[in-house]
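Novice: Below you will find the structure I want to go over with you.
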Amino acid sequence: MAKTTLTTSGGAPVPSNNTSETAGPRGPVLMQDYQLLEKLAHQNRERIPERTVHAKGWGLQGKFTVTKDITKYTCAKLFSKVGNSCEVLSRWSTVAGEQGAADAERDVRGFSLKFYTEDGNWDMVGNNTPVFFVRDAYKFPDFIHTQKRHPKTNLRSPEAMFDFWAAQPECVHQVTILMSDRGIPVNPAHMNGYGSHTYSMWNAQGERVWVKFHFKTQQGHKHYTNAEAETLIGKTRESYQEDLVNMIETGNHPKWTFYIQVMPEKDAETAGFNPFDLTKVWPHGDYPLIEVGELEMNQVPENYWSHVENAAYSPSNKVPGIGYSPDKMLQARVFSYADAHRYRLGTHYEALPANAPKSDVHHYHKDGSMRFFPPQTGHVDAYYEPNQYAEAAVADPSVAEPPLAISGDADRYVQEDADADYVQPRALYAEVMDQGERDRLHHNMAAAMGPCSESVTERWLAVLKRVHPDYEAGVRRALKEAGDVNAVPVTDETPQHANEPAK
Ligand code: NDP
Ligand code: HEM
C-alpha cells in the first residue's frame, strides 16, 4: 500500500522530515527552512497549564444504561425510560500530585463522568469519597496550598497539611477515609464514586427532591497497603493507566451500579443534621440507596490528549430535571470549573471533541479563541437575541427549575455545632471499620504525620481524641512505634481547634 504524503500544516507536500536545509554540506541552517522552524515552534507549544488540582488522570469511554424507573423523582430525559442509554467519558485522578505523579499514591481520587445526554451534557464531578475536607469555599485554596509544594523547599509538607487539618475539625471525617484502607485503591475499577454534594431532581409535576449520587464498583473494593504501594511505585509509576488499558484490551470492562439517595424537599428542615453540609453523609438507614442504572466503561480513547487532557468537567453542566442545592461549596464550584477551563483550554473549550455535546447546540456566544465552528443560532442573521427570525434559537421556559423558597438574613454563618463534626467519623471508626482496619488506619496516619512538629502533632491528636479515645491512643502508639519523639500524651492544656467556638 502506498504511504501517505507528509504535508505542511498548509497542506503542501514536504520534501524532507529529517535533513535541514544548509549552506553547503557543513554550513549553517538557512532561515528559509520554514518547516524546521515550524516543527520546533509546535513542539514549544505542546503543553498547556496542567489542572491546578487533579492534574494526573486516567480516562475511558463507555456507556450508561438506565435499569430502574426514577421518573417520580426526575423529568431528565435520560431517565425517562428504563433501557435508555448514553455515551459517557470518565476521568479519574489524584488530587495533589502533578501530571507526572505516581498513580498509586495515597490521595483522594477524583471520579468525573460526562454523560452526553439528548438534552446536553450532564457532568458528575465527584470523588471516591462521600464527603470532603471543608464545607466553605473560602477554605478550598488554602487547603490545596497545604497539599501542594512548600514555597521554599519545593517539597510536600506534612506539617502544613496537619496544621491546617488540626484547625478544621470538620475535615476529620475525610482525613479518616483518606488514611483508611481506601486511601490507595488498586486502580479506579476498584473504587466507588460519589457526587458527595447534595444535588436536586425535579419531576414532571415540578416537585423537587434532594439527592446524593453513588456509583458502587461491581469489581469489589481493592486497595494497596503503604508497603505494597511503595514496592509497586518502585517498579512502575503508571500502574492505573496500565491496568485500565489491559482491562479494556482483554475485554474486562469495569462496571458500576448507579444509586441515588432521596430526601423529600421539606425533610431538609427537620433532618437533625444539615443535609447541605459536604462533610456529612446521609445515613443509609434513613435514606436508603435506590438503584438507577449501570455504567460500563469499554474503550480507551484513541487520543489521550484530545479526550482526557482536554476533557473539561464542571458541576455547572446539568440538564433539566437535575439541579443544584444550597450547599455553599457546590455554589462555588459552579463558578470555579468553567473559569478554570477558559484559562486552561480557551474560551470555546466546550467545542473540543471531548466536551462537545452529542445533542444540538444553539447559543449566541460570539468570537474569541477557538471560535472555529459556524454560527449556531438557527439563522445566519441572528447573531443577537431577541431578533425577528422565526427559526432563530429562543429560550424554553418549560425547562425552568421549580422555584426554591429561601429565607434568612444575609450574613456569614459559622457552623453552629462543632460536636456534630465528630459523630460520623466516630461511626466510621467504631462501627464500620473492624479492628484490622483501625490498626492500619493508625499506622497509615502515623506514617503521614511522622515529620510533624510537636505542636501540630498534639493539636491533631486532640482532634482524634474527640472522635474516639481509641483513635487518638492508636495513632499515638503507632507514632511511638515509628520512633516519633513528638508523641507525648494529650493533657487538659492541649490547645483547642482554632475555628472551634469557645465552650
Ligand atoms: P452503613 O453501614 O449503611 O454504610 C457504611 C458505608 O461505609 C458503606 O457505604 C461502605 O461502603 C462504607 N465504608 C466502609 N469502609 C469505608 C472506608 N474505609 N472509608 C469510607 N467508607 C467506607 O452506615 P451509615 O450510612 O450509617 O454510615 C456510617 C458511616 O459510614 C458514615 O458516618 C460514613 O463515615 C461512612 N459512609 C457512609 C456512606 C453513606 O452514604 N451513608 C457512604 C460511605 C461511607 P461500601 O458499601 O461501598 O463498602
Ligand atoms: C478539579 C476547584 C471541590 C472534584 C478541579 C479544578 C478546579 C477545582 C479549579 C481544575 C479544573 C480543570 O482545570 O479542569 C474546586 C473548588 C472546590 C472544589 C473551588 C471547592 C470550593 C471539589 C469537590 C470535589 C471535587 C468537593 C468532589 C466532590 C474535582 C475533580 C476534579 C476537580 C474530580 C478533576 C476533574 C477532571 O477530571 O478533569 N476542582 N474543587 N472538587 N475537582 Fe474540584
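For all residues, glycine too, the Cβ spot is worked out from N, Cα and C.
Because the structure is a prediction, the values reported are computed rather than measured.
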Novice: Write down the single range among 44-63, 204-223, 224-243, 484-503 that appears in TrEMBL as region 'Disordered'.
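Specialist: Residues 484-503 are the ones TrEMBL records as region 'Disordered'.
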Novice: Just how many other Cβ atoms lie inside 10 Å of the Cβ on Y337 (heme binding site)?
Specialist: 18
Novice: Could you tell me which three-state DSSP class N127 (active site) falls into?
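Specialist: Looking at the DSSP assignment, N127 (active site) belongs to a strand.
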Novice: Quick check for the class: what is the C-alpha distance, in angstrom and rounded, between H54 (active site) and Y337 (heme binding site)?
Specialist: 12
Novice: Based on DSSP, name the secondary structure state of H54 (active site): helix, strand or coil.
Specialist: coil
